[in-house]
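All remarks here apply to the structure that follows.
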Amino acid sequence: MINFLLRRLFLLGTVLFGLSLLAFSLGYLFPGDPLQNFSGIRQLEPQLRAELTAAYRLDHSYLSQYLAFLNRLWHGDWGLSLASQQPLLSEIRQVLPATIELTSYALLVSFLFGVPLGILAAIKPEGYLGKIINTITVAGYSLPVFWWALLLIMVFSVGLGWFPSGGRLGVLYEIPTVSGFMLVDIFLAETPYQQVILLDALRHLALPTVVLATFPTTVMIRFVRDAMLEVWEQNYIKTAKAKGLSRLQVLYRHGLRNALLPVIRQIGLQFSALITLAMLTEVIFSWPGIGRWLLDSIYQRNFPAIQAGLMIISVLVITVNMLTEILHTFFNPLARKR
Amino acid sequence: MIKYCLSAAMLALGLAGCSAEQQDLRADGLVYCAEGAPEHFNPQRVTSGTTIDIISQQLYDRLLDIDAASGELRPALAKGWQSSADGLVYEFDLRHDVQWHQTDYFQPSRVLNAEDVVFTFNRIMDPEHPFHFIGGGIYPYFQSVDWASLVKQVSAPEPYRVRFELSRPDSSFLSNLATDFAAILSAEYAAQLLAANTPQLLDSQPIGSGPFIFREYQKDVLVRFYEHPHYWRGPAAMQQLVFDIVPNNARRMAKLLTHECDVIAYPRLAELALVSERPDVKVQESTSMNVGFWAFNTQRPPFNQVKVRQALALAINQRAILQAVYFNQATAARSVLPPTSWAFNQQLATPEYNPQAAKALLAEAGLASGFNMTIWAMPVQRLYNPNALKMAELIQADLAQIGVNATIVSYEWNTFRRKLTEGEHDSVLIGWAADNADPDNFFRPLLSCAALESGSNRAQWCDPVFDRILNQALLTDDQLQRRSFYLAAQQYLQTEMPLVALAHSQRIQAINSQIEGVTINPYGGIALFSARRVQP
Amino acid sequence: MRKFRLYFEEQHRSPLAQLWREFARQHSALFGLALFSSFLLLSLVAPFITPHDPYLQADNLLLLPPSWSEQGLVQYPFGTDDLGRDLLSRLLKGTTFTFGLALVTVIGALLAGLALGALAGMSQGMKSSFFNHLLDLILTIPSLLLAIIIVAVLGPGLANTAWAVSLALLPQFVHGIRNAINEQLKKDYVTAYRLDGANNWQVLTRLIIPNIWEKIIVMSSMALSTAILDIAALGFLSLGAQAPIPEWGAMISDSLDLIYLAPASVAIPGLLIFAAVLSVNLVGDGLKTAMQRRRES
């Protein structure tokens, strides 16, 4: 196990190294002045320019520039946003929790709905129920997420008025940001309207979560179904049936535990696709997360922000990937050999 | 499994049906959906209508106000005023009961007095003033009307009396004091900031005397105000005012229909019919002094040639633009001045659509084979232009017919305006909304040489002949005399054609039927002081 | 009269025929194939069969409703947009841009992926290990994000979108092909071939590629659905196709302002994107199941 962990950490290290190289090179690949791309300062008077060139070591070789870049990253100086001239890291810290919150709830929903439906589909794969679930799954898999979101907004928000059309919370409610996670912050806030505000936050959360959860749910359904079908053919299942256990008992005691194990790993692999879908969802629902922030930066040609955003998102994806792999290996002895 | 599904369904229904309880908090608050974010919170330093709408009438007061119906000047912070016979000295008597905002970052120790007015205007005029260069030192409106050379001195001979000494008579002086840009700032707050060595907070953490107090600004998300309980006109009806920043048109309309917003800015003209059919929302319309135009960068060839500009003006189909972009809810423009202005020149020729003549003119200018150009189009909806991108597409197609290849360029709104000021464009679709009833307001900030320096001259045009006409018009108070100057100015503009005036739009707002008291001012930003909810 | 058989002869269908037989047994897969072929055909002939010029603005026919409503005209079956352009023609032309371009990017990525994957798969030792780690790195970045970054560097536009999506799909192909080649290399017949004196190139072209091309087709179908969604997403975000190009995603974002007046102009392009991706997914699923069944029988 330790060996595995060490190997994974080494892989993590190399991947992060490569990522930092890519981010550094973006400073030159983006159009415009490299010093502006790295620092994010809009007005570069000659004296400031000279100071920064020395500090960023832009007059030396690429290697020393890159080392200076790494040094700055380590110390938390990720530059300023070209648009707002505020430190990038603090801006990211404000928007990142919103995305994590939305993505977590979507993953939760996909787990809660995907697993039972997948099992249902696996029980009788050629049956009526199995075919219906299959059709829904393929449809959900093929939906363009932005169109799906628009459809849901037009029907449930503008049409029926059940849910708001965007945002995280009704603007008239003032909730101080403590953790960045809305539901937590509402519990922490001292206001007589706590229940009303909580309900409002849940209503705002509903549609984006459904939209974002569509893709992972369908993937989960297929995956669980395939895993269950595979496990069902195994010998220990036949033994269990021969022993006289009922179908449900077999399912629960032997089938589920073995089929669900790779699901954890699957979540990790889906995370990367989920982040992109989250970006599109955030744009449509005006959800104040890092996806929308990154896209806004692209429209504003805010290159330092694009650089920082790319790094953060990639680190997030890599970390989640790594965590789920470690968890998977922790629970599944067979995978440790790799 | 069944139980689990049922409970989820019940939760969903419960959520949907619970909107009734929210009325407690929502009844006292007004949400206005704005089309863009404010650049900062000081009207002195901006000309953007977006910023002015949000901050000016809400946070601040001015010496004078303009009556919405008649266009005449009314007392505001100044109870009354006198001017000397030669028009070189103006004196204002201030009210004694104007309280400043009390916030957690500032506690006023006195009411508004002449010191504050002196501070406000010295900041603009005096380069030695400690606050002059805070924020960049650019006061676009005041620089475009040449304020610094006009006003020799501002002084406070008595605690509640302000005195302006001018270097020459200027009949638009009082009108300029009534614009949204002439908001009065707190000298005491400024002194406090200077002592704490944080002067830049003057523009980002504002203190004013207006009906609402600044509470917070979440960048590009919302601006929150609470009512000023000691406002000299009486407290506002709404306890909380939030500006929700929603740049996307369809989304703004959606927010109005789902009642997340009570008032929305710039509803799409095409959807107004739908809105008026619904009982829960209504449309408010009023005439507005504005003009949408297509300006050429006259400092860049080939737009420095009059023939080229005239050719381009002949090549576009104004009627089609009015129909496709304005849905026939605007009047065709013949000049930058709207026909409702007293100085409008009725003799101006109506613009024609003549691609043949356009091609001939281009040939005369030596560009028979056509050329490439860029059309910069605003990404946001403005009062004077509801859809610049669509307009650009129409113009692009028209120009293709005379052999001119146009590319459409657009950026995010604040980036767009920044680049525009740097003169990176070949031509731009933009416009202007009047800040007061004086016709000088349409010419000087747009086309004078002073405006070129201050950055609001989109045509990058500086013509001493034109400037002379404008200056002479200000020297006299006689309206007939001024009018003759403005008639000449409009004729001159039509010959030189630094820009092509396209349309004058109505100002339209869509609001929730339960809201009353939202006033549309034809000369400036919206005022939400009297807004109130009539039914729960 | 039944067919007369003199003696019992085993009928051996070629693997391809068997595959087709299993494929044709699934109704959904056949439906998907029909849909796919019609899209393919449309993307090729669209420029020739559009009833009106997709770029022509008709000033007098703005925002015409679809022909099934009272004010609609038969000449404009789906109505017109707010510049007077016929929606049906734009949708047809859009097939070329969304579907056709996606196909082109996938083929491009496939070919490049084959070359790189072969290099990676056939090489051993340090070189391959370094390459594998590099691939793992690039694979962690989601394809749309990669495409967005590339477009941010190169600038918006349809050509840049094609490059970006192609580059973003490349790592998946290289990874898959490399794995497939590695798997094949472990097989006995490769060793036998080598013992016969074949060099790397011959092993690759005559032995490995014929054995993995089915896997490649499945990979391509997955990549195609991603490509269509990515191109449409980039068009929707205004980072891809620019006005007045009638790419489906760009058409949705163009008509977003009109969603209350002409919901059809937002709904129909999205429906087409959905249908295109659905057809690709159905075909891909059908192939996968068919290959699995063929293996079992």
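FYI, residue positions are counted from 1 along the chain as it appears here.
Each residue, glycine too, has its Cβ placed from N, Cα and C.
According to TrEMBL, the protein has these features:
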TRANSMEM  C:29-49  transmembrane segment
DOMAIN    C:95-284  domain 'ABC transmembrane type-1'
TRANSMEM  C:97-122  transmembrane segment
TRANSMEM  C:134-155  transmembrane segment
TRANSMEM  C:161-177  transmembrane segment
TRANSMEM  C:216-239  transmembrane segment
TRANSMEM  C:259-284  transmembrane segment
Original post:
For the transmembrane segment (C:259-284), which partner among C:29-49, C:134-155, C:161-177, C:216-239 gives the most CB pairs under 8 Å?
Top reply: C:29-49
Subject >> Which of C:29-49, C:134-155, C:161-177, C:216-239 contacts the transmembrane segment (C:97-122) most, counting Cβ pairs under 8 Å >> reply: C:161-177
Original post:
So which of C:29-49, C:134-155, C:161-177 is most in touch with the transmembrane segment (C:216-239), counting Cβ pairs under 8 Å?
Top reply: C:161-177
Original post:
Do any residues of this chain, six or more beyond the ends of the transmembrane segment (C:134-155), have a C-beta under 8 angstroms from a C-beta of it, and if so which?
Top reply: 120, 161, 163-165, 167-169, 171-172, 174-175, 178, 226, 229-230, 233-234, 237, 239-240
Subject >> Beyond the flanks of the transmembrane segment (C:29-49) by 6 or more, those residues with Cβ under 8 Å of it >> reply: 23, 92-93, 95-96, 99-100, 103, 275-276, 278-283, 285-287, 289-290
